[in-house]
Amino acid sequence: MKKILISMIAIVLSITLAACGSNHAAKNHSDSNGTEQVSQDTHSNEYNQTEQKAGTPHSKNQKKLVNVTLDRAIDGDTIKVIYNGKKDTVRYLLVDTPETKKPNSCVQPYGEDASKRNKELVNSGKLQLEFDKGDRRDKYGRLLAYVYVDGKSVQETLLKEGLARVAYVYEPNTKYIDQFRLDEQEAKSDKLSIWSKSGYVTNRGFNGCVK
């Protein structure tokens, strides 16, 4: 009888110890899963933050456009607009077109073409300006800006069509100089308009007058 009692006590102790071990293992497994989940969540958040940063556009490519109202086109690279409630003259940044209205100067070849084309462009849609990092006005008080119609660069169009040359390049107002030079080279290679006459375009401007 005594042996039977001892055996029963031993069985009960074995069952109790087994149950405790099982609970301890389950707790460890649960803790392990919790730690793993936190680790995965942290990694996921870091990935998302990196992905968002990587997807943020570079500030250089961002345009801060200002809406203006056209008053009139003056020539190929100059217009008058209503800006901040007042009339202002805008001189196009980084380009030069043949003269048509410069005092004491003749009308130059393709000057009228550039003037006409510019007038068509600025009258064709929503007019906006973009300023660069440097001075917003030249020594004559004119606004210096990149000009857009319905989001498209007027300067680029004039350059691509051979009606303007890249000029007056002064840091830091050079945001689009690389693109403008590519546009100019494209027209030059195709010998469009101002590039169709050898020696007409120089580093100082244009040679010759309309006879």
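Including glycine, each Cβ sits where the backbone N, Cα and C put it.
Here Swiss-Prot has Asp96, Thr97 binding Ca(2+), and the candidate from Asp71, Asp77, Asp113 in that same listed site is Asp77. Here the Cα atom of Asp77 (Ca(2+) binding site) is found 6 Å from that of Arg91 (active site). For the active-site residues listed here (Arg91, Arg142), the lowest count of other CB atoms within 10 A around the CB belongs to Arg142. Among the recorded positions Arg91, Asp96, Thr97, Glu99, the ones whose Cα sits within 10 Å of the Cα of Arg142 (active site) are Arg91.
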